[in-house]
Amino acid sequence: MAILSPRKTALALAVALSCAWQSPAFAHGGEAHMVPMDKTLQDFGADVQWDDYAQMFTLIKDGAYVKVKPGAKTAIVNGKTLELQVPVVMKDGKAWVSDTFINDVFQSGLDQTFQVEKRPHPLNSLSAAEISAAVAIVKAAADFKPNTRFTEISLREPDKKAVWDFALNGTPVNAPRAADVIMLDGKHVIEAVVDLQNKKVLSWTPIKDAHGMVLLDDFASVQNIINASSEFAEVLKKHGIDDPSKVITTPLTVGYFDGKDGLKQDARLLKVVSYLDVGDGNYWAHPIENLVAVVDLEQKKIIKIEEGPTIPVPMAARPYDGRDRVAPKIKPLDIIEPEGKNYTITGDMIHWQNWDFHLRMNSRVGPILSTVTYNDNGKKRQVMYEGSLGGMIVPYGDPDVGWYFKAYLDSGDYGMGTLTSPIVRGKDAPSNAVLLDETIADYTGTPTTIPRAIAIFERYAGPEYKHQEMGKPNVSTERRELVVRWISTVGNYDYIFDWVFHENGTIGIDAGATGIEAVKGVQAKTMHDPSAKEDTRYGTLIDHNIVGTTHQHIYNFRLDLDVDGENNTLVAMDPEVKPNTAGGPRTSTMQINQYTIDSEQKAAQKFDPGTIRLLSNITKENRMGNPVSYQIIPYAGGTHPVATGAKFAPDEWIYHRLSFMDKQLWVTRYHPTERFPEGKYPNRSIHDTGLGQYAKDDESLDNHDDVVWITTGTTHVARAEEWPIMPTEWAHALLKPWNFFDETPTLGEKKE
């Protein structure tokens, strides 16, 4: 039976009952209480579509796909007939349903997508009640101060071996639920560990020399500071702006330049670049160029205004929401699953085909997939303990006053989980997707539900295999994929992350960038203008008076692979041309040079797509005696030029602070506190506290519990086709079984 949210059901019915009426249609021997269909189902979270040709409603909610005609006594739910107690009734041109319609249809038992969790997984996200409890316990501590804000409240993970024992054998984890709490007391970062079961603070640790994340209320603070500044208002007049209320501010981290930017290292600062709202819905198209305000968040004031030559604000309207366009007419494309989903969701566990994995949301890195296993002919085999975005950076290459500091650590500085963008069915994800709400804590410590935070859907992905033998019947089968999709909007850019599970054991990781380019105002209208060459030194002229500045989107994924067990080894296979010594007319042969990469510093390397890198379990073999392995492919194609490394000189501070950018493969020994490639507190960090630090001690990787980190991404050279809104541009990575199985895994089980 489908388990649906009682809170949502109650809300939908409460709203609907306020405008209900009695119908002569009878249910259970009495008059039915009728409520408006559109309002009731939309408040419940379902999509309502009307097919004028078929004279039929289509209702979509998570795992249920319902078709029903007005007046009919039956509905079709996932391809199966369901008798209705009360038909849909049309009155005054509107559809009405009984107040039992939601329960009758969406809890009919025909949709088996959601199952009851009988044994809570030890990695389940903190519930709203647990978040509130953690905050109450922390606030009761003697050292807590009233104006303290919360950066992150998340599950403190139990011991890894105990979690695997639970996932593989069902052994309960003998540890109380606990929370990690990160706070900001003014500019001071504090970490606390809270025992939720025994309601006490286990540790309280001030963190020295750390700048915390930028929190959502910092955005409002900056806007208020700018609006209240008479000094800034005077500077705006140089740019032809007399009304400061039309100015939109974007608070940005200031980076680190060893004092060469004239900023105090211990101050909590943001740099503010601004845009003019001209009423077209796209203020990004109207940059106020060469104007930067430096705001001190503690003093609540502008401490410095940095200026360059005055550039007129580009004023041409550039809406991207379709207000000035005629929408193309396209016929509907319906994706239906008439017999229901091929996957089930039990609590936070997903089961599809032979895959099982746990899914939870983190306010910094978004979805975390855990205890990933593959059922190989009845044996549950370990593949990955945890996989998630580790971190990312978007560095720009322009040295001008409004650009030189721009290197956005989107997850580490802003929290990409917090900035999750609700997914729109039929646009951001296909109509057959299940959309999951997620709960995190806001900066006040209040539990906040993000609606439609994650989409899960199955899709057709071409042929899995095919062979047409001459004169024989065709042999082929379709490829299916299960996709876990999450979208985060960080300022002008929207990032789409897909975890793609293949039936054949492959896991794809796709990162897509869309949204609005960060653009620079310039003098040139066309490339024939006198200033065009200088104006486009660091970018492309993509509109009159607008340059798209060259930058990079660099993603790093933390992948704690446990290939058939926790102890693994990094193996290299390099195809080589070698002389033919076996005789015959050939002078050369293709051979594989295979060797072990046995330490962390040796493992940190550029990715050569002509070579093979494996994480192998040298203690396990397939039936041919080959060690079971997974291939690591940091870059498996994309639609922009690949980022082969950081486009910065080695003497740049950003290069020293964030070395994860420049190598596509890193492998480190497992340590539970090593989670972020940019380090735990990267904002204004003065040296590398991430992967460069993790690999510094050069620990052995040979037959140990190793963690793989892959860096991938693109160098973004702007083009006109990406303006005023950018089509999604993808970078793809893969984890692929390599002698992990004994044969083609999608052939199916052998007949008895």
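Yeah, the Cβs are placed from backbone N, Cα and C, and that goes for glycine too.
Noted in Swiss-Prot for the protein shown:
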| type | residues | note |
| --- | --- | --- |
| SIGNAL | 1-27 | signal peptide |
| BINDING | 408-419, 490-495 | substrate binding site |
| ACT_SITE | D410 | active site, proton acceptor |
| ACT_SITE | Y493 | active site, schiff-base intermediate with substrate |
| BINDING | H551, H553, H716 | Cu cation binding site |
| BINDING | D560, L561, D562, D705 | Ca(2+) 1 binding site |
| BINDING | D560, D562, D705 | Mn(2+) binding site |
| BINDING | E600, Y694, D697, E699 | Ca(2+) 2 binding site |
Listed in sequence order, residues with CB under 8 A of H551 (Cu cation binding site) and six or more positions away: V394, P395, Y396, G397, K406, A518, T715, H716
The one of D560, D705 whose CB sees the fewest other CB atoms within 10 Å, among these binding-site residues: D705
DSSP-derived structure type at S411 (substrate binding site), helix or strand or else coil: helix
All-chain count of other Cβ atoms within 10 Å of S411 (substrate binding site): 32
Whole-number Å value for how far Y694 (Ca(2+) 2 binding site) lies from D562 (Ca(2+) 1 binding site) (Cα to Cα): 19
Other CB atoms, at most 10 A from the CB of V490 (substrate binding site): 20
Y414 (substrate binding site) and H553 (Cu cation binding site), distance between Cα atoms, whole Å: 16
Cβ neighbour count within 10 Å of E699 (Ca(2+) 2 binding site): 17
Integer Å distance between the CA atoms belonging to Y493 (substrate binding site) and E600 (Ca(2+) 2 binding site): 34
Those binding-site residues of V490, L561, D697 having Cα within 10 angstroms of the residue listed as 'active site, proton acceptor': V490
For Y408 (substrate binding site), nearby residues of its own chain (Cβ under 8 Å, 6 or more apart in sequence): L252, T253, I393, V394, P395, Y414, V490, G491
Rounded to the nearest Å - Cα separation of D560 (Ca(2+) 1 binding site) and Y493 (substrate binding site): 28
Other CB atoms within 10 A, centred on D562 (Ca(2+) 1 binding site): 26
Distance, S411 (substrate binding site) to D697 (Ca(2+) 2 binding site) (CA atoms, angstrom): 26
Remaining residues near the recorded Mn(2+) site, that is with C-beta within 8 Å of the centroid of the site residues D560, D562, D705: K160, M384, Y385, L561, E566, N568, Y670, D706, V707
Residues flanking the Ca(2+) 2 site, with Cβ no more than 8 Å from the Cβ centroid of E600, Y694, D697, E699 and excluding those residues themselves: S599, Q601, T668, R669, A695, K696, D698
C-alpha spacing of D705 (Ca(2+) 1 binding site) relative to Y694 (Ca(2+) 2 binding site), in angstrom: 14
Extra residues within 8 Å (Cβ to Cβ centroid of H551, H553, H716), Cu cation: V394, Y396, A513, T550, Q552, H640, G713, T714, T715
